Structures are given as C-alpha cells and as structure tokens.
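Below you'll find the structure, written out as structure tokens, and then a few comments.
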Amino acid sequence: MAQPSILFSLTLIFLISIKSCDAKYRTSFFKTPNCSIYPDAEKCELNKTWTQEQVCDYVNCNDNACEGGGYLLWTQYVECASSTFSRVILIIVGVIYMLVLFIMVSSAADDFFSPSISSIVAHLRISESVAGVTFMAFGNGAPDVFGSIASVLSSPTPKADLALGELFGGGLFVTTMVVSTIILTSPFDVEVFSTIRDLLFYLVALSFLAFCFVFYNRVTLWMPLTFLGLYLLYVITVIGAQAVHNRKRKALQKQNSTKSRKSIKSLRSRKSIHSVAPMPVIPEIEVHDQEAPFPEISVVTGAIDKLKEHMAEKAQTTRRYTKRASFMVNGDGNLNGLHPYATHNHLGISRRESELSDEDEEFVVIHGHVFQGHEARSRAASLVPEPMQIKSWRSKDILKDLAEHLDPRPEAEDWEEMNIFSKVMAYINVVPNLLFKLTIPLNEMSWSKPLTLLHAFTCPAFLLFSIQFFLETPFSGSPGLWVYGLAVSIVLAILIMVFTELSVQPKYYKEIYSYSGFIMSIAWIYLISSEVVNVVTMLGVVSRVSHEVLGLTILAWSNSIGDLIADVSVVKQGYPRMAMAAAIGGPLFNLLMGFGLPFTIAKLQGKYISMTINPTYRLLILFLAISLLATLIGIPVQKFRLQRPHAAVLISIYIAFIVFVILSETGVLVWN
C-alpha cells in the first residue's frame with residue numbers, strides 16, 4: 001500500500017511544483033521575455049508577422065489570456081518548443097492527455113458523482129426535478145461558474161461579452177446536443193410544469209441580457225443583481241411547486257385508500273353471500289401514513305407477491321430492478337403506487353393519478369445500479385459488505401481493509417460483462433480510479449476507519465489543490481492555506497480516532513460520505529475541466545482560431561463534457577426526467593449565477609465592465625433562443641413525450657449555428 005500513496009504524493013508534488021515555479025520556469029527553460037513590449041492582453045491574439053521567438057515571449061507574458069487556468073501550461077510548452085518536431089510531439093501528447101482526461105471525468109461522474117447525488121436526493125427526499133435543478137445543476141455548472149468568476153476577477157477591466165460567450169456557447173451545446181443525446185438514449189414523458197418553467201426562465205434571462213447588450217455599453221450594478229434575484233425567484237418557484245405537488249399526492253393517497261377500503265368491503269360482502277367453496281387467503285400489504293394512518297390494504301390477487309418474489313430472485317443474480325416492477329413507497333412509507341395491472345384494474349386508480357406520484361419514488365444507486373421502490377434501501381444495502389472485523393490497529397487486517405477499499409480494478413462480475421473496448425478503458429482508468437478513491441469518499445463502500453483517517457488528510461489538501469489555493473496566503477506574513485488545511489485534517493483525524501470504532505459503522509457515516517463525496521467529485525471535475533481547457537486553448541492558439549469561435553465551439557464542448565457524461569449516466573440509470581431538468585436547469589444556473597455573482601463582486605470592487613456584442617455573439621443568442629423555443633413548442637406538439645424526431649431537430653439547429661458562425665468568420669455573412 002506504500003506504492004499508491006507514493007505515486008499520489010509524487011503526482012501532487014510534481015503538479016504543484018510546475019504551478020508554483022511558473023516564473024522560474026520561464027527563466028530557466030526559455031530566454032527571459034521583455035514583457036514591456038507586450039502589454040497585458042485580454043485575448044490571446046497573435047500577429048501573423050511575428051517570429052516564433054516573439055510568439056513565445058507573447059504567450060509567456062500573457063499566460064492569463066493564452067492558458068486555460070490549469071496546472072500544465074500547454075500553450076507555452078508548444079509555442080516555445082525548440083523545433084517543429086518537438087512542437088508536433090507536444091501537440092500529440094496534449095491531445096492524448098486530453099482524451100485521458102475525458103475518460104477520467106467520465107469515471108468521476110459515473111462512479112462517484114452520480115452515486116453521491118442519488119444518496120443525497122434519497123436522504124433529503126426531494127424529487128427528480130428539484131434534484132436536477134439544484135445538486136446536478138451545481139455539479140455540472142461548477143466549472144463554468146468558477147471559470148466565469150476567475151475570468152472576471154482576474155482582469156482589471158473585464159468584458160461581459162468574453163465572460164458570457166462561453167456560458168452562452170455551453171448553454172447552446174447542452175440545450176441542443178446534450179438534450180438530443182438524452183432523447184436518443186431514452187425517449188421519455190416530460191415533466192410538463194418543471195420543464196416549461198425552466199425554459200421560460202431561461203428565455204426571460206436571455207431576453208434580458210439581449211436587452212442590456214442592445215441598450216447599454218457597460219454593466220451597472222442593477223444588472224447582475226437582477227440575475228441573482230431571478231435565480232432566487234426561480235428557486236422559490238421550484239420549492240413552491242414541490243410543496244403543491246406533495247399536497248396533491250397526499251390527497252390522492254387518502255382518496256385511493258378510501259377506494260381500496262370500499263373495494264375490500266364490497267369484495268368481502270360478495271364473498272360472504274355468494275361463496276360456495278373456501279376462498280384462498282388474500283395476501284395483504286400494510287401501509288402506514290404518518291399523518292393519517294389507515295387500515296391495511298389487501299390486493300385482490302397474489303400476483304403482486306409473486307412478482308415481488310420473482311424480482312427478489314432476479315436481484316440475487318443480476319442486481320437490477322425494473323422501474324415500476326414492485327410495490328413502491330416514498331421516503332415516508334406512504335403508498336406511491338402498485339404494479340400497473342393491480343393498480344389500474346383492481347384499485348381503480350387512473351394512469352394520471354399514478355403518474356402524480358412517480359416523481360417522488362425513492363431510489364438508491366449502489367455499485368452503478370438503481371434500486372427503486374419498496375425496501376429500496378434494504379435491497380441496496382444488501383450489496384454493501386459489512387465492515388471488516390478488525391480487532392486492533394496491530395492487526396494485519398488494517399492493510400487488507402485498505403487494499404480492498406482502494407482497489408482500482410473493476411469487480412469480477414462487472415469485468416466478465418465488459419466488452420473489449422470497456423476492458424481497455426478499465427485498464428486506462430486504473431490509476432485515475434486509485435486517485436479518486438484516495439480523495440473521494442464513496443458511500444457505496446463499507447465503513448473503514450483507516451480509509452476515513454486517510455481521507456481526513458487527502459480531501460482538504462486536494463480540495464485546496466483543485467481550486468489552486470494550496471499555496472495561496474490569506475494575508476501578508478501568513479503561511480500557505482495548506483497549513484490551515486493540515487490543521488483541519490488533524491482535528492478531523494482526532495475526532496475520528498476518539499468517536500468511532502474499527503468494526504462498527506458510525507450512525508451518520510453514509511450521509512457524511514455522500515455530501516463529502518459530492519464536494520470532492522465536483523473538485524475533481526473542476527480540476528479536470530481546467531486541464532482540458534488548457535489543452536483546447538493551446539490547440540486554438542496553435543491553429544490561430546479566433547477567441548470567439550474557440551469559446552463558442554471547442555471550449556464550450558470541453559466545458560460541457562461533464563454535463564453530457566453526467567446526464568447520460570443518469571438516463572441510463574432510468575431517470576431521463578432528472579437528466580432533462582439538469583440539461584435545462586444547469587445552463588440556466590450557469591447563466592444566472594455565472595453573470596450575477598462575478599459581475600456583482602466586480603462592480604462592488606469598482607471595476608468598469610464593458611458590454612459589446614459582435615456578429616458571432618448575435619448568432620449565438622439567436623440560435624440559443626431558437627433551440628429553447630423549439631423545445632418549448634415541441635413539448636405540446638409531441639403530446640408531452642420527447643421522441644427521436646425532436647432530437648434530430650435540435651441537432652440540425654446546432655449544425656446550422658456552426659455553419660452560420662463559419663460564414664460570419666470568413667466574411668461570407670456580413671452584418672450591417
């Protein structure tokens with residue numbers, strides 16, 4: 001177990017040394033540039049007449065504009081290379097590095113981020129739609145929002161169009177390509193109110209920004225404050241709608257219980273009058289309501305119990321459960337629905353009534369599988385091994401326990417089901433998975449006190465490292481923030497040592513690991529996204545593609561890869577409505593907070609923020625509005641079920657946008 005720790009430590013030291021020794025690096029490996037002839041640039045714009053040495057000096061002097069904010073300075077590496085061969089090799093290595101990062105962010109989203117989201121949603125007992133526009137939106141949008149904050153606060157004279165360009169570009173990509181991917185993966189019935197609500201809020205925010213660009217040439221304080229207020233109104237609307245939904249659900253439950261009692265009384269009455277032979281005992285399902293308890297509900301036939309037994313047997317071999325295959329209860333133990341045949345044919349509950357409760361069905365994700373319905377938690381928990389019985393710290397079981405929890409290889413059962421491509425990806429992902437397990441608490445694993453102690457030190461350190469605050473000093477004469485992080489780690493370690501036992505799982509272990517795993521997953525996604533942006537920025541500088549086109553295309557794609565991976569992962573788990581809510585609510589969150597928060601801070605700092613709109617951004621706002629209107633109109637046209645033809649429409653809109661941008665950049669399309 002020493003080797004993984006050494007590998008992780010060396011990786012951290014290497015990356016930190018690269019970042020902290022940035023200034024020394026320029027003087028050691030390259031000729032010290034004369035930055036006085038290269039004033040601070042807001043965009044990385046290279047003159048075609050410059051020599052390679054001048055280009056190298058320029059990118060060294062303007063690393064804030066020519067780099068993406070990650071640790072590895074790819075633009076400097078390539079532009080300051082000693083030969084063309086070295087440049088080509090560095091570009092190839094950079095592309096390979098970016099592909100590995102894509103694999104890493106996919107693993108982080110699928111294996112760590114999604115399970116944490118699922119557990120948090122189950123713990124808070126919130127619906128798919130609320131989860132999509134809060135936790136998933138924050139998780140997906142963290143790189144974009146933090147990127148917007150960094151770009152605005154790092155410049156003495158920030159420009160609104162540059163900061164919003166990537167937010168708009170990412171929003172268009174998500175509302176067209178990501179939404180279409182969700183639909184192609186699994187056509188689904190739309191959660192009408194929440195989806196239309198999100199689309200309308202998005203259109204209002206977009207219209208307000210267009211108004212500001214047309215009638216103002218600078219940002220004033222009331223503009224970002226309006227966006228923050230709009231987001232607050234949005235959150236209130238979401239919570240209010242959920243409260244109304246819960247009241248309707250409880251009223252429906254009482255109505256259904258009354259119908260059930262009447263049906264049972266009628267059935268027993270007919271039995272006592274007309275029965276000739278003894279009737280078989282009718283299996284019963286007892287349901288309790290906290291506010292209004294009602295008598296037991298008997299199902300007319302034994303089909304439900306047989307189906308439940310069959311699904312339980314199937315679960316022992318496949319660990320998969322059909323979404324509506326069993327009797328379902330929500331977190332409070334209330335009746336949500338029965339098997340469709342029993343529900344519709346025997347209890348007289350309409351399809352619309354049964355769908356009313358679908359949104360609140362309890363679900364738990366364990367080891368990549370969704371468990372939903374009655375006893376979802378107990379079924380899921382059955383897959384989580386019990387804590388290893390470790391008698392003392394001197395036991396060899398300590399190392400064995402750590403080895404099992406940190407094992408980066410896929411489980412034997414999953415390995416047998418993989419195809420060749422998946423196995424290759426699994427091999428590539430061995431080292432990233434080890435790093436993830438060292439720094440991301442995973443609530444699917446059994447309790448391990450040694451691992452928890454290790455996380456107490458690795459998580460605070462990596463959190464500071466991921467946001468590049470590891471060596472920052474909060475005030476003059478203060479040590480780096482890593483010292484304060486170490487102090488926090490020591491306190492956590494003492495608490496763990498005193499208040500937990502080796503072989504007994506603490507009471508709130510799952511909840512704490514879910515929330516901390518959520519935060520650390522976001523930290524990894526943010527770090528990986530920054531590194532991807534660095535490589536993409538290098539490709540743009542090398543190819544001399546304009547900043548606008550780069551931001552609206554390649555940067556938008558790379559920044560949105562987390563949205564695509566996370567949303568598709570949720571769809572495959574059987575929750576397309578949550579993914580749809582995140583696909584619309586995520587970019588909406590990014591726009592409202594990505595404009596509202598950083599520009600409010602910048603205006604409070606007294607900065608002047610210009611607002612100009614060029615032809616490329618006009619196209620972007622236009623096509624983003626078209627994509628939102630297409631979905632808004634397409635929902636009722638398709639009878640509230642998004643199907644594959646709608647995905648084709650969204651893809652066509654995005655392709656048309658790319659074509660118009662190319663025509664505008666090449667001068668074929670001229671704006672008056």
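Heads up, the Cβ atoms here are built off N, Cα and C, so glycines get one too.
According to Swiss-Prot:
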- 1-23: signal peptide (SIGNAL)
- 88-108: transmembrane segment (TRANSMEM)
- 130-150: transmembrane segment (TRANSMEM)
- 164-184: transmembrane segment (TRANSMEM)
- 196-216: transmembrane segment (TRANSMEM)
- 221-241: transmembrane segment (TRANSMEM)
- 451-471: transmembrane segment (TRANSMEM)
- 479-499: transmembrane segment (TRANSMEM)
- 522-542: transmembrane segment (TRANSMEM)
- 551-571: transmembrane segment (TRANSMEM)
- 581-601: transmembrane segment (TRANSMEM)
- 620-640: transmembrane segment (TRANSMEM)
- 649-669: transmembrane segment (TRANSMEM)
Other parts of the chain folded back onto the transmembrane segment (221-241), taken as Cβ under 8 Å at six or more residues beyond its ends:
129-130, 133-134, 193-194, 197, 201, 204-205, 208, 212, 588-589, 591-593, 595-600, 603-604
Could you tell me what the rest of the chain brings near the transmembrane segment (164-184), counting residues at least six beyond its ends with Cβ under 8 Å?
144, 147-148, 202, 209, 548, 551-553, 555-557, 559-560, 563-564, 567-568, 571, 576, 579-580, 583-584, 586-588, 590-591, 594-595, 616-617, 620-621, 623-624, 627-628, 631, 642-644, 646-648, 650-651, 653-654, 657
Same chain only, please: residues at least 6 beyond the ends of the transmembrane segment (88-108) with a C-beta under 8 Å from a C-beta of the stretch. Say none if there are none.
72, 74, 77-78, 81, 425, 428-429, 432-433, 436, 440, 521, 524-525, 528-529, 531-532, 535-536, 538-539, 542, 558, 561-562, 565
Given pairs 6 or more apart, does the transmembrane segment (196-216) have at least three Cβ pairs under 8 Å with the transmembrane segment (522-542)?
no
